[in-house]
Amino acid sequence: MAKEVRVRYAPSPTGHLHIGGARTALFNYLFARHHGGKMIVRIEDTDIERNVEGGEKSQLENLKWLGIDYDESIDQDGGYGPYRQTERLDIYRKYVNELLEQGHAYKCFCTPEELEREREAQRAAGIAAPQYSGKCRHLTPEQVAELEAQGKPYTIRLKVPEGKTYEFYDLVRGKVVFESKDVGGDWVIVKANGIPTYNFAVVIDDHLMEISHVFRGEEHLSNTPKQLMVYEYFGWEPPQFAHLTLIVNEQRKKLSKRDESIIQFVSQYKELGYLPEAMFNFFALLGWSPEGEEEIFTKDELIRMFDVSRLSKSPSMFDTKKLTWMNNQYIKKLDLDRLVELALPHLVKAGRLPADMTDEQRQWARDLIALYQEQMSYGAEIVPLSELFFKEEIDYEDEARQVLAEEQVPAVLSTFLESVRELEPFTADEIKAAIKAVQKATGQKGKKLFMPIRAAVTGQTHGPELPFAIQLLGKEKVIERLERALQEKF
């Protein structure tokens, strides 16, 4: 590309990083890195009443956690700042005045009540999509001066050209056409409080920051003609647009922040012990697909392969099961030290282990986490997975009860119990040898041998490697559970 690629992700600090925002940020990032360009994070904080405390910090921290190492923002000046819209108000004012002077914009003194009456009258007349009548468009300079002298509040509206067609090429959708009559009439570019509206400020920012490409959600598609009007009035070249398809839930309904069937914020996945590299991989496949069947890719591979022509034109389903599966694939290959960092805090938080562990307790916890590395889908899952190690008395699953009711069980368990009592040291290797001895003594092997022992000491018929699980349970607990299984009637 001849022009340097500069993209932007522009979150509002009215909330934390949502999965939809994360996907948008990621596609901007992949495109920029693929073309050797720059990614800018601009904070669109003009909706002051809705901004939440810590929202800005949370957005940036979660982007960095995901591995989106942007080039310019409020914490990384690149010479195109300020990067907060509330710090750019003087800049917007300059361009608003230019439009007023050129006659492309005007002051509107209509009150909210007058505007509502206008809309109601249009609806009563059968107009489905009411438009602003433009009555303040024709005020004379003298009338404007008089209304201002009376202290009447006003907004500033952009004059919408009549009978004009706006056409642009979208990198996802191809040719898109809008008519000027469909934007709702002359629209507000500056609110009564002096703050510019989104569709005006975003054009000024994108132009001055030399943004070359805009990747954003399809909900912004209807904003595009308004923005093109501003570009045209200033004689500026607009960026190339790519409107990403909706993210839908498993019922194929548009993802709503009120939908409690899906965890929707990146920080929540982080708290649950998901891995950033797995989340990065998953988000990359949410509306984009590489060639072939492979689904696990490193960040560098995704950057190298990213091609806008493979962005989907259909809604993307947020498949929680797939994310959990993908995270498990990453956990299986994870360095044990990092897995311990991920999972151990959850055992402490659940009260399973003390915060100030001894070296012996820490080693035991490390061995426990290693035992479940293949099964664990996310860090917090260690708590339910390992529950049997912390219970005083286990509950037997139905399948375990069926196994323990088999006729060979008393002989297997009593023989194993005798071996366990004498076992020193109580290690996985010694336990393996003891189970082998039970096989020799009872003639039982395979499931008839292992299943009763597993069912008796864990209450389950499936689980981690048995000799290691028995070692971690400890001799005393194993003896208690074997004795109970021999006494209980199944």
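Any Cβ shown, glycine's included, is placed from N, Cα and C.
Looking at 11-21, 110-120, 132-142, the stretch flagged in Swiss-Prot as motif ''HIGH' region' turns out to be 11-21.
Looking at 74-78, 149-153, 254-258, the range annotated in Swiss-Prot as motif ''KMSKS' region' turns out to be 254-258.
The residues near the Zn(2+) site, meaning same-chain residues not in CYS108, CYS110, CYS136, HIS138 whose C-beta sits within 8 angstroms of the mean position of the site's C-beta atoms, are TYR106, LYS107, PHE109, GLY134, LYS135, ARG137, LEU139, ARG157, in sequence order. With respect to their backbone Cα atoms, CYS136 (Zn(2+) binding site) and LYS257 (ATP binding site) stand 38 Å from each other. Classification of CYS136 (Zn(2+) binding site) by DSSP places it within a helix.
Each residue of the motif ''HIGH' region' (11-21) gets a DSSP state, and the totals for helix, strand and coil are 3 helix, 1 strand, 7 coil. Summed and averaged per residue, pLDDT over the motif ''KMSKS' region' (254-258) gives 77.
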